[in-house]
Each structure stands twice: as C-alpha cells, then as structure tokens.
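Peer 1: Sending over a structure as structure tokens; questions will come in a sec.
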C-alpha cells in the first residue's frame, strides 16, 4: 500500500463508510458488517441497530500445551448468543517474530546486514528497519490487538466450524511464513480467520505493510491470511493500528482477485465524462446509496489516479471516501 497516503491524518470528522461496504468481497461469501456509529443511516439491517459496540475483547492467549511461547490474539465474545451471526473470531500468530537457531530470521537485528523478508525480498537493513524490543512490544500489545478489534467490533460471520484447517503447504505468497507444526496437524481451534504476522524490512514504501489471502474455503471465503509490517513505519499511534487493520482487510478479501471472482467490478462505466472503475455488487450499491443518500449511484468508485502497479490492489476512490479504512 502507499504508506504515506495511509498515514495521512483526516481533515474532518465525517463518519467513515460502514464496513459492510469495506469488506464487500469477503461478505459475498458469508458475512455482514456491524457499525453501531452509523446505525441511524438508512439501508442498514434492523439487527444492526445497537446502542454501542459489540461486546468483544481482544485477549492474549496462554499458550496451549505443545505450542511454545508464541503470541496469539483472539477475540472473546459472549457464549450465550445463539444467533446465526456472530462477531468474527480472528487469531493472529507471531511465530515469525521469534529468534531461533533452526531458521533464519525474517526481520532486521543489525544495521548493514541483509535480510530476506517473508515475501522473498532481499533488503539491506537500515537503523529504522531494526525490530527492537520496543517495536516488538508495540506490535504485539497495541498494533495487532487494536487492528483485530477494529474488525471484530464490525464484522459478523456465520461460523463454518470450530477450527481453521491449515494445509501442509500454503503456496505463494504465503509459503515463507512460519506456521507452527501443531497448526498443520490439528488446525486452529475457535477461529473463523487466522493471520500469520511478520515484521520484516521492505524495499519500498509501497510494500511497507502488506496483507494477503493465503487460503480460502470452498465458497471462496478466506480462512487464512498473512501480513508483514516494516518496523520502520511502526508508530505508537492509532494510525498504525488502522494501517494494520487495512492490510488485514485485504487479507480478508478486499482484493482484485475477489473483485474478478465475484464479477462485481465495472470498468467501463462513464462517470463525470470519464470511464471509471466501479464496484457494482448489489450489496455495495445499496449501502453506497444509503450512505450518500443518493438513489442514482451505481456503486462505489475505485481509485484510478494511482499508477498501474498500485491499481492492482483496489482501494476506494479517496475523493469519495477519504477517511474510510480502505480508501
């Protein structure tokens, strides 16, 4: 992603678009979004009319027997909710952040040395790339839990089972991420979606923070993702949390692949005298019309002012959704 754009402060306090639009590709295969702050807007489902955030909490798991000292985050939700829709349970595993003698680290420990990150880039470590104890603490205790909570308070899913199955080989671009052996043998219990997180250096700002989908279920719903956050760009601010949440959203399915797969992008729609890229799925169209109070909208425009490489990763057009998480 364009990190400089993502970190820009908002100019005003206009509420962001509801996440029912944000995660349209993921929702096409079984989820809805809850945004209590926007429950008064037309078009939201009646079940979303809540007075406060969903009762969730991000907790740091105690390692299970045989797991080792990995960091795992999950979202605790009430057990007495017998509704078919439940807050998404996201677990983040940070095995990649551990130093071991059996494998080469994918993060920078010393300036001037080279490092191969989890996406196969060889980068010469600079001082800013170093994954210090302070950055590790920030990533583990603030950025990742905060990003998970942003989604957990807004996304509801129909659970597909009690665990996420992890294949022996996840394939590109996720094959270089470290996966605990017990995940491959027994899956991950109590989760709807899992993320493997790394903190390696990046060669450009464009790839400073990157989230990808690794595995999808039979109905195209993502079940496993991975992300890398360059320590050079980690800050103790809400914006680092938003950036991490942005990349988790890409891993959840906000991707060109899902746009193509669901056939909900129009690339020849004339708007303001120009051809525009637009997402025109029925749910997106309905929510965009409700949000902007404009029944003539055909959908949500995608950004078309970036270069060709940047356009391969879809984002909402900033002109219309400046402060939305995926703009």
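Yeah, the Cβs are placed from backbone N, Cα and C, and that goes for glycine too.
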Peer 1: Among 175, 183, 315, 320, which residue does TrEMBL annotate as binding Zn(2+) together with 246, 250?
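Peer 2: Zn(2+) site check in TrEMBL: besides 246, 250, the record includes 315 out of 175, 183, 315, 320.
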Peer 1: Give me the count of other Cβ atoms within 10 A of the Cβ belonging to residue 247 (active site).
Peer 2: 26
Peer 1: Do me a favour and check the Cα-Cα span between residue 247 (active site) and residue 315 (Zn(2+) binding site); whole Å is fine.
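Peer 2: On Cα coordinates alone, these residues lie 11 Å apart.
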Peer 1: Using a 10 Å cut-off, grab the number of neighbouring Cβ atoms around the Cβ of residue 315 (Zn(2+) binding site), all chains included.
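Peer 2: If we count other Cβ atoms within 10 Å of residue 315 (Zn(2+) binding site), we arrive at 22.
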